[in-house]
Structures are given as structure tokens and as C-alpha cells.
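Listed in TrEMBL for this protein:
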DOMAIN    2-258  domain 'Heme-copper oxidase subunit III family profile'
TRANSMEM  12-32  transmembrane segment
TRANSMEM  38-56  transmembrane segment
TRANSMEM  77-100  transmembrane segment
TRANSMEM  124-144  transmembrane segment
TRANSMEM  156-176  transmembrane segment
TRANSMEM  188-216  transmembrane segment
TRANSMEM  237-259  transmembrane segment
Amino acid sequence: MKRCPFHRVDHSPWPLLTAWGLGLAAISFAQFLHGDSFYWVMASLCGTILCIYWWFVDIVTEATFLGKHTIRVQRGIRIGFCFFLLSESMFFISFFWAFFHSALSPSHVIGCYWPPEMMTMKCMGIPLANTGLLVGTVYPCNVAQKAIKSAQLRPLLFWLGVVMVMGACFVGLQLWEYYTAKFTIADGIYGSCFFALTGLHGMHVIGGLLFLFVAWNRARLGHFSSQRHLNLTFAVWYWHFVDGIWIAVYAFVYIWTAWGWQWSFTDIFSNLEWLSSSFKGLV
């Protein structure tokens, strides 16, 4: 009888408890916006984090010590993580949609002009330094992946540490930028879009740092080999995803808005028609 490459998952309370924790966190945050105490938000978030922690402890145990994650199981996990990144992309697209809806067709409330007549965020200084930090992490991430594939532990730990330090510097500079900003999230549609997009990305950077720290710690404990290191692979994939999102945020939210480019889809189509007619005239 041919052995099945899959295993039967043990009963676990953590998915249900995590879902309840996230739901309570959302409800308590909504209540906080209406004047309730922030204590319940922190309590629900801490409970959710503990549930996620023990959930992943069970997954690491069955993968590393019980040997249940076969090649077929790993392939399924890779596909699932790719779908997770796709869902995260759709999440960011919805926020970019709100930004472009306001930027390409500004309403009369903000004077039919984008960016609004207010102190907007500049694209130089801290934003440019943050862009350099995130783009600069691409090289050490790739070096760390090559190190684990060649079973070199010290270079792996060193380069992952470099990535985490650069990411922590990014978060620190982002917080300083928020502290010194001349506007708040309540200052019109520009403030809402800016803080929503950059804050959402900052939360993903913090999540990516936690992801990398778990991979770094598991590598230090000897959980990885040159053939089995899905945790590290997913952490690097997620970090590259965060890098790509920031490039889009910097290009549109910072550069495009700071330079005050004014265009719409009608202008694009008219310019394309003008280029095609000019090309035909040259031919």
C-alpha cells in the first residue's frame, strides 16, 4: 500500500481563538474611537499574539521535530503563502484606489486641486533615506538565502541581523517623520490617505521584522538545513513584498504629490492620441 505524503492535522484551539482575538481587537478599537478605554484594545491584541505564538509553536514542532512536512506538504504551504501575499496585495490596492480616486479627480472641497493647498510631505530627507534603507536590504537578504543553501550559519545570522537593523532604522525614521509632520490624519483627504498608506506599510514592516527575527532565532537554534528552511524563505519573500510596496508608496504618495503633477486619464488619452498622430505624420 502506497504511503500518503500528507498527515492528519491534530486538533488545535488556536485558529478559533486567534479569530476571536482579532474580532475583539477590531470591536474594542472601534469602541476606543468612541471614547472607551484603550485597555481592551491592548488586552485583545496581547491575547491574539499569544494565540498566534502557540499556534506557530505547534507548526514548528510538527515540521521540525515530528518530520510531518514532506515535499508535497511544503509545496502546499508555498502555494498558500503565495495566495497570502496576493491577498495582501489586494489589501494595499484598495488603499491605493482611495488615494488615486482623490488625486485624479479632486473634489471641490479641496479646491479641485491635488495636492491640496496645505503643507504636504516632502519627498527628500527622511523619505529618501527610508527608501535607501529598504532598497538596500535586498542584497543582504539574497546573501542570507545563499548562505543557508550552502549551510553557512554565521554569514546567515550576520546578514539577517543587518536586514533587521536597517528595518528597525526605517521604523524609527518613520515614527520621527510622523512626529514632525505639519498635518495629522484628520487634516482632509490628503492626511487620511497619507497616514493610512504609510501607517499600513509601517505595520507590515514591523510584521516583517518579527518574521525575520523568528527565522534568525530558529537558524541560531539549528532548525534549518540547506534543504529545509521554509521559514527563512517566506520571511525573505515577505520582506521583498514590503520593499516593493514601499517603492510604490514613495513614487506616488511622496514624489508625485510633492512635485504637484497634475494629470488625469483624459490627459493621458489625449497625449497618446497626439503622439500617435505625430508618429503617423513622421511616417
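A Cβ is built for glycine as well, from the same backbone N, Cα and C atoms used for every other residue.
Under 8 Å from some Cβ of the transmembrane segment (188-216) lie the Cβ atoms of residues 56, 88, 91-92, 95-96, 98-99, 102, 109-110, 114-116, 118, 120-121, 157, 160-161, 163-164, 167-168, 170-171, 174, 178, 231-232, 234-235, 238-239, 242, 245-246, 249, 253, 257, all in the same chain and six or more residues away from its ends.
Each of 77-100, 124-144, 156-176 was scored by its Cβ pairs under 8 Å to the transmembrane segment (237-259), and the highest score goes to 124-144. When each of 12-32, 38-56, 77-100, 156-176 is checked for Cβ pairs under 8 Å to the transmembrane segment (124-144), 156-176 comes out on top. Listed as Cβ neighbours of the transmembrane segment (38-56) (distance under 8 Å, sequence separation of 6 or more from its ends, same chain) are residues 12, 14-15, 17-18, 21-22, 24-25, 28-29, 31-32, 214.
Within its own chain, the transmembrane segment (156-176) has Cβ neighbours under 8 Å at 126, 129-130, 133-134, 136-137, 140-141, 143-144, 147-148, 198, 202, 205-206, 208-209, 212-213, 215-216, 219-220, 232, 239, counting only residues six or more beyond its boundaries.
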